[in-house]
Structure formats: C-alpha cells, structure tokens
Amino acid sequence: MIELSAEAVTAIMLGGVFVLVMTGFPIAFVIGSVAFFTGFAVFGPTTTFHILYSRFYDLSLNYPYLAVPLFTFMGVILQHSGVTKDLYQSLYEAMGRLRGGLAVVTILFGTILAACLGVIAASVTILTLIALAPMVTRGYDKSLAAGSIVAAGTLGILIPPSIMLVVYAPQAGLSVGQMFMGAVFPGLLLSAFYMLYVIIRCRLNPALGPAIPEDQITPFDAAKFFRLLKSLVPPILLIAAVLGTIFAGIAPPTEAAAVGCFASILLAIAYGKFSWGLMKRASLETMKVSAFVVMIAAMCYAYVGIFMNAGAGDVVAEFILSVPGGKWMSFFVIMAIVFLLGMFIEWIGIVFIVVPIFSPILAALGFNPLWAGMMICINMQMAFQTPPMAMSIFVLKGTAPKELGVTIGDIIWGVIPFILIIMVVLVLCAVFPEIILWLPEKMIGAA
Amino acid sequence: MSSVRKILKFIDTVSETSGWVAKWFALILVFAGTYEAVSRHFFNAPTEWAYDVLCMAGGTLYLLGASYDYLHESHTRVDMFYNMLPPRGKAFMNVICSLFLFFPLMGIMFYLAFTWAIRAVTIKEVFFNSFWYPPAWPYRTVFAVGLFFLLLQGAANLVRDFYFMVRGETLD
Amino acid sequence: MPAVAEGADAPKKIVWKSSGHGPASDPSQIYHDMLCKAITEASGGRLEIKPFVGGSIVPAYKELDAVHENVLQLCYTCPMYNLDKWSAAGLISSRPGALAGEALRAWFNYGGGADLMNKMMEGYNVMTFPGALSPLPEEVFFHSKKKIENVESLKSIKARCMGDAGEILKRMGMATVIIPGGELYEAMKRGTIDAFEYSTLASNWNMHFNEVADYVYLSPVRAPSDPQVFFVNKDAWNALPKDLQLLVQTFVDRYAQAQHEYLVYESIVALEKFKKAGNQVLKVPAEVNAALAAEADKFYAEKVAKEPAIFGEIYNSMKAFGEAYETMK
Ligand code: NA
Ligand code: NA
C-alpha cells in the first residue's frame, strides 16, 4: 500500500478519469478501473474490492433506477408503433414556417416529458428516439438538434418528479415537496430560454434549422389540423396515464412508469400497431439501453466509495473554507466545485460528496437552505451535459440510430450554448431568489 | 484457427442468448409494476413480492444485458479521439485498454460475485425490503453469471482485436 | 528529556474508519460524528476515528458487512439492517412488544442482551459490547390521514409499515405497502398511501411530514424503541491497547446515552411543533394496542418455533426481562 495524501488521491482520481476516457474505451470500465487501481494502491485489495463490489451490487438493485428501463420501454413502443412519427410530421407541418420549429417542438415536448419522467436517461432516450431522426433527416444542424435534445431531456431531472430532488432533500434535511415546488419556475425558465435561443439562432442562420421550402408549403387546412389533433392524442394519453397515475395517487413514480408502459401497449393495440415483434423489439432495446446506462451509474457509484474513503471529500471542504472574499465568494467556489465535479462524477456521487460537506458551510454562511439546495440542484443538472462524464450525451449517443452519423463531437458542440444558458439562469436565480422561493412559500408556507 | 473461430462464435452465441433471456425481464418490470399499482389502488391488496421482484428483474436485465452490449459495441465510449484512429489503431487501443481497464476490474468483480453467490447460500441470505424475505442466492448467482458472460465476451473481443492488430484483417 | 523520546518511541498512531447509516442531518449520524471526534481528541490523537456518512463508503445499511471485512473498524447502525443474515436481528430493533428505552438499555447492558447479540453474530469478525446501544425514544405509531378508532378501522388504511410490525398489522387486515423512505412524502401527498411510520418525532419533523398527514398517532406498542448499536471489528478491537479500549468503551457508552436523552428531548420539542403546525396528536385506542400486542405474541410464538434457536433465546430473554421490569414498576 502506498501512502498518498488525500489531495494526491483527489487529483489522481479526477485526473485519471479525465485522461483515460479519452482512450475511447467504454467509460463504465474506465471509471471503475480508476477507482480500482487507486483503491488498490492506497487501501490494498480487501478494502477496495469490498467497496467496489458492494456498491456495484447494491446499485444493480436500486429501485428508483428502474425508471430507466421502464421509460425506455415506453419510448420505444411510442416510436415503433408509428404514432410519434405522425406527431412529428404534423407538428412539423404546423410549425414548418418557423425556422428551428422542430427543435422548439422538441424542447416543448421535452418539458412536458420532464413533468412525468423523473430519470434523466429516460427523457433523453425518448427524445432521441422520437425527435433526432426527424430533425437530422430534415436538414437540421446535428449539433443544434443534439443540443436541444440533451438540454430538454435533462430538464427531466429538475422539473418534478425528479429522482435527484428526492435523493437530495433528505440528505440536506429539506422537504421533498418544497424542493419540487422550488424547481418548477427555474425549470420552466430554462425551457423558455432554450426555445428562445433556438429561435434566435435559426433566425440568424437559417441553415441550422431550415423551414419547409416555400414551394412545398401547403395551406394548414382543417384536414391537417385534424391530423395534428389525432396525432397528439396518443402521447397526451400516455402522459396522462403517467402523470395521472402519480397525481391521482395511484402509484409512486417508478410504478407509474410501469403503468405508462402498459398504457403504451394498450395504445399500440388500439392503433392496430401491436405485434409480438414490437414487444420483442421494445424489450431488446430496453435491455440494450438500460444495461449500459446502469453499468455506468454503478461504476460511478463504486468510484465514489473509493473517493470518499480516501478523504477526498475533506480535501474539498478544507479548500472552500480557505477561500478569501466573504460569503458570496465561498458560494461561488461551491458552485464552481459542483460544476467541476459534475464534469467527472455522476450526480448521485455529487450528492453524497457535496451535501454532507456543503450543507453546514452554506447554513453557517447564512444562505436560505432551500434556495441554496435548489441552486446546487440546478447546477448538478449541468453535470449530465458536461463532458467527459456526461450521462445525457452518452445516452443520446448510445440511443441514436447509427445511420444518422451523429458524433460525440457534434453533441458536445451543440450542448455548450445550453450550458451557458443554465449559467445565466443560475445568475438570475441568485439575483432574484423569488424565482425559486416564491412557489414553495405560496403553496406550503415557509417552514 | 478454425477451432478458435468456433470458440469465438460460441461465445457470441452465449452473449446473444444472454441478451435474449434478459430482454424478457423488461416485460416483467412492466407487468409486475402495473399489477402492484392496480392491485393496491383498486383492490386495496398490495403485494409483498412486487418490490423485490421489480428490483431483481431490473438487476437481471442489466447484468445479463452487459455481455450482449459488449458484443454489439453498445457500451458508450468517449469517441472523439478514438474515431480519428485507423482501424488497426483502434484494435491496438482496445487490446491495451481491455488488458488494463477491463480484465483486472471485471475479473475481480466476478470473483467476488462468485464467492458472494456461494456465501448467500451458506448464510441463507434474504432480501428484507418487504416481509416476503425471498432468498438472495438466485439474484447473487445471476449477478455472477452476468459478469462471467461479460468476461467471456471481453476475451472474445480481445482475441479479435489482437488478431486484427497483428494481421490487419478480421478473424471471422 | 521528553522532547527527544517523542520521535523515536511514540506509539504508532492508529486510524479507524467508522460509518453511521446517515443521512448527514440525522441525529444518529450527528452523534456518531461527535463521538468519533471526541475519541480522537481524548486519545491525544493516538486513535483517530474518521467519521463517514452512511452510504458514502459502502452502501447504506451494509455497514456491518464492511466491519466484518475490516473495511470499516466501527459502525453505528440499526440491528434490523442485518436481517439479510440473521432473522433474529429484527428482535433487537423497532418491533411490537420490544422493550422500551430504559428497560432495553438495562437488558442490553446487564440482562445479557449484548452477549446474546454477539452469539447471534458468531462466525463474524464483529462484536458489540455493553454500553454500545442507544434505545431511541418510542416511534410514532403512524402519521395518518385517516382516524384510527378501532381495530376494524385498520382494515381501511393503506400504510407503509416496515419490519415485523408491517407483517403483524397485515395479519390484522391492514394493507401494508413497501415504499422507500424517500418516496413517502410524495406517496402521502398524492394519496398513494393513507399512513406511514418512519422514524422518531424529531426526524419526522425534519422531513416535514406535518405537511402530508393531519394525525400523529402515538402508541407504546408498535415500536417501543428503535435501537441503534455500535459494532466493532474484533481484530481492530484486539489490536487496541487496554487504555484505548477503555476509552472507546467509555465514550461510546456516554454518547449512546447522550443521544437517547437528546432525542427524548427533541421528540418532546418536535411534538409541540407538530401541534403548532396544526396536526392533531392522538393516542392509539387501548383496544388497538391490546389487539396488536396479542397478535404480536402469536406471531412471535410461531416464529420462535420456526427460526434458528438464537431467535427464541433472544425473544424469550427480552420477554422475561420486560415482564420483570413491569412487575417492578
Ligand atoms: Na421530471
Ligand atoms: Na458531466
């Protein structure tokens, strides 16, 4: 066993992931191996193996993560039963005159999905399956298309229901309900800014999101309007099935996802699209996506065990307390650290690293805990989109049909503007804390 | 070489079959989850098994799917630089990386999974999320088997990449 | 010449890692962390115990396995979280008919409780010792949206109720539901369930459960206490010099008791907060308490017949101690 300072381990573990994912080897194995070798060197085999295995095994049985396969299944059924293609065609015709119209529709649809899905991977998966091919085959810029999907899909983790908020709240001694309320306006604000960004960019550069060529535009008549309405029915029914199940109190989010899958099967039957082939295909696709997503999640979760055991969490805390410049500078440093950690570590890891260390510091600095927690969660939401460890990007890449030729590079370029937008919204929430605090105080009353 | 090809083909078939089996657990998730919601809400009769069945079905889906994903190149890579490499360069990268970043980690994980599967039998380990208390050994075993298949597929991938790296042509 | 001796002969510093079962804001985690710091200071740094939040190193509730493997040297957790290995672990946890605060601690420290627990864990590289248990105050019967008037009214309640109490209440006709703690708030808010148990009044207040249920039902029967126990790795323990062993034992004892007292106090404060927030604080009708106790007796009699011998030993020892304690009162 090598004697290494906690600072050195922190640097090695964070730097190791950054360097080694660049080899292009599957990132689950890279992240696991960085923890494996660091742990082996510092703590020896027994401790390292036990930590990695017990966390790997534990995460494989994680109940909230079941939303990953379930919402994937729902998305695949939706896609292959053909109903979403109809919807997209109709929406495209309705919004064809608007440059970037499909990307706007994608963001709008992602926002609605966010209100019924609580797992990031699931929203990105559905949006990728439904919206990517229509945009790319209609000449949209791949980066803009991918960026819209990643940003809109990631809203699923912020707009309630949200696994992230459910895990965060008890760790910080906050109310899940208040956090849910607090997330609503920042989430909607983000969504609005995303759409505004797409519209402005496509206005400036029409090639990014072409409108339907003038000669192909036919008047949007009653028949088309009816077709649009008809194509809107299945997704709305499905969202109603999921949201309805949750809001009517029939089932908590994970089971509601199962109910949504069941409803999607019924819809496929009703629309005459049901077949055993469809079932098999949906199941296979679900297995394929959730196996790699959960493998990454499990390896991140394992990694965090080694990270914490090395005292790397304390390194971070000491660093913050040594920063000069008062309350807001410390807050800025905390946000910067969450952002940096978010580049490398999956959000569950950040919650476990950040909350125990930062909550007392933030409270001591006199920040409103709900506001501060929400700021951290909005920030953590960026972690899904910041490379090298960017779950949303990987999911999009893993789910995207190969023939579209969307590369990781395309996606990353597309995501950067959306990350800047999130930063702008964070600044707005800092200047106007009411964006976060108004609704919780209105709905429940300050506690 | 033909016997090597046969072995590789066999391993592919194992991963395919593993995925073929795994995918049905997605349907178990759908139906068990729906059954629990309906039974509890409309018949006031929550099950004591749904929670554990869902968790185990999910785990089976992921673990038995792992080798299938490796066979079909579905484990996500950060491919910015990787894609710039020529085919033999990619093969070289895969050989080196799998020797250092795959086999040590997953070999040990399998070894622990294997010992835990046995331990689960000897200590009569159970799940205690509910008072159904199902035995843990079946899932512990699936976990180990999934990792074993993943290792097998990793070995097959390694042999293929190594052959391609040396010869510049595919083995199959 | 003490300055010279220091470098050469100073005993090697011993470092332990210890985990609570979290979360960070939970009083048991806070007391665990305070204890680790106190031992480190009191030993003059000879024994440094690094505290970790539950779930940060090994998965939450898997602390004992990690102590067995010497990944951790100490942990503070509910015995019940080891039901995966020992069916008897649930007996020394929150359960109907268990011993309440003072009686439980007396049983554990003097009535053979710690010894029985060590016997249960035979073959594992883990032990506990007298003083290492904090009984916690009795748990709320339920936070409920519905009134509990009699035994019959249990049958129309969908409740999240874990452990043996859940099984026993199910036998009495209640619909018991398995929902993770993190989903409780939502499940109540949306009406998925009508009632639930979670933790002590203070913890429940911190979870803002006053927002989702109008009635706070108290009863000494469902969970008279929810003990938490320190477990230590045997090898790590045996490697400690005698004086440090004594120091650890003394401090563990002191902080376990302090946490209990603090939580009793916090519960009283929390109950006032629940009332002030508009919740009705009610006692479970005697009829329901009696029926639950009777059903629990039947339930455990069946279990004793079925489970390994240690189950009966612990159950009967606690029962006998409880009866003797009641006689004394
Ligand atoms: Na959501
Ligand atoms: Na990231």
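Yeah, the Cβs are placed from backbone N, Cα and C, and that goes for glycine too.
Given the structure is predicted, the values throughout are model-derived calculations rather than measurements.
What TrEMBL records for A:14-435 is domain 'TRAP C4-dicarboxylate transport system permease DctM subunit'. Residues annotated as transmembrane segment in TrEMBL: A:12-43, A:63-82, A:102-132, A:144-168, A:180-200, A:232-251, A:257-277, A:289-308, A:328-355, A:362-384, A:411-439.
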Self-check item: Across the domain 'TRAP C4-dicarboxylate transport system permease DctM subunit' (A:14-435), average pLDDT on the 0 to 100 scale
Solution: 85
Quiz item: Is the transmembrane segment (A:411-439) packed against any residues at least 6 beyond its ends, judged by a Cβ distance under 8 Å, and which are they?
Solution: 141-148, 150-151, 181-182, 184-186, 189-190, 193-194, 197, 201, 335, 368, 370-371, 374-375, 378-379, 381-382, 385-387, 390, 393, 396-397
Quiz item: Out of A:12-43, A:144-168, A:232-251, A:257-277, A:362-384, which stretch has the largest tally of CB pairs under 8 angstroms to the transmembrane segment (A:180-200)?
Solution: A:144-168
Self-check item: For the transmembrane segment (A:12-43), sequence-distant contacts whose Cβ falls under 8 Å of one of its Cβ atoms, 6 or more beyond its ends
Solution: 1-2, 4, 51-52, 56, 292, 295-296, 298-300, 302-303, 305-307, 309-310, 312, 343-344, 388-389, 394
Quiz item: Between A:63-82, A:144-168, A:257-277, A:289-308, A:328-355, who has the most Cβ pairs under 8 Å to the transmembrane segment (A:362-384)?
Solution: A:328-355
Practice problem: May I ask which of the stretches A:144-168, A:289-308, A:328-355 has the most CB pairs under 8 A with the transmembrane segment (A:63-82)? | Solution: A:289-308
